[in-house]
């Protein structure tokens, strides 16, 4: 009735073996813990069979209808076989299934033997390695010279890198200085062009003023010629009048004193001369005032032009400074954008890695949950099997007790009363453990426990 158990302590593992008569394959999951073992039953289609013991080099099998499928109720060396089809049917073992059980037991025994031999070899190798290392110390080569050479090369590399960085900084500074000089040259060229354009404008104004001066001088000359012509005409008229008066007779008449023509002519001459002088003076004054006004306008316009040019120069300098600052801001913006893009790319890659890790962890968690559910189902199945096996054990115990009751109490005494079969103590409600039993009473036949399975 008792099954053989193996005392071992190993880690868990799995083994895939061929199936029974119907083909297919079976997965053998082994869990090595303490010193006891239990094996559940196989099931394929309508039949079921159980393996109750596994030993080193030998095995024993019996049908599920005859013996329980587990050796011990808890702990130990457990081997579970899961195949296609339902769990725990009724039937007997066939020849192929017995061969499969024999094959599995042989394989398991060989595996345990190999594990033991490998553990012994490992211990022996460790002992040999520790003893060899302690006995003979290997010579350690001297790498100090190589280290010194490496340090010198590293120092040279650092010096070269610093020199390269300094040269790069100098090149950048030279480029910036060249850009500044280029901008200054462009500003000076633009200023020279503006000054040349202003000079051309002033030349035009000077030419216009020169033309005006020439016109005024021509007008003065024409006025002088006109004055000379008037003087000449006046002299001719005076001479003609004198000639006319000289040819006449002098007649003295007692009358009012005559008018002195010479005096009148002299007065007229003086009047005309004063009038001409006034006209000349007025023309000169007008010319001088116009010239002074023009000179003042030229001076004021030149001063305004200089002030405007100074303002233009200052504005251009401000514009150049603002352009340089704008270029610096653009370069800073480009650098910040590149840094932002690099940061986004780095964090996106890190985020992708984190998401991948999260996905892996979630998949592992899902697998763990599936394993937990599967183990829970297996545990429930094993609990069901345990309950059924305890029920069968109680049934077998009742049968054995009934067989014991059938035997006579005193076999040597003569039988004077009719024999009655003695039934086993039946449980009050069910065949579960811990239930109360009824007293033995003679019955004509032995009845199994209700709810038991054969």
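Note: Cβ is positioned from N, Cα and C throughout, glycine not excepted.
Annotation comment: Swiss-Prot describes 97-407 as domain 'IF rod'.
As annotated by Swiss-Prot, region 'Head' applies to 1-97.
Summarising the annotation, Swiss-Prot assigns region 'Coil 1A' to 98-125.
Among the features that Swiss-Prot reports, region 'Linker 1' is placed at 134-142.
If you look up Swiss-Prot, you'll see 143-243 marked as region 'Coil 1B'.
Sequence annotations record features per position, and here Swiss-Prot assigns region 'Linker 12' to 244-259.
Swiss-Prot lists 260-403 with the feature region 'Coil 2'. Mean predicted confidence for the region 'Coil 2' (260-403): the pLDDT average there is 89.
Under the heading region 'Tail', Swiss-Prot lists 404-454.
Residue 345 (site 'Stutter') carries a helical DSSP state (H, G or I). Sequence-distant neighbours of residue 345 (site 'Stutter'): no residue of the same chain at least 6 apart has a C-beta under 8 Å from its C-beta. Residues or ranges marked as site 'Stutter' by Swiss-Prot: 345.
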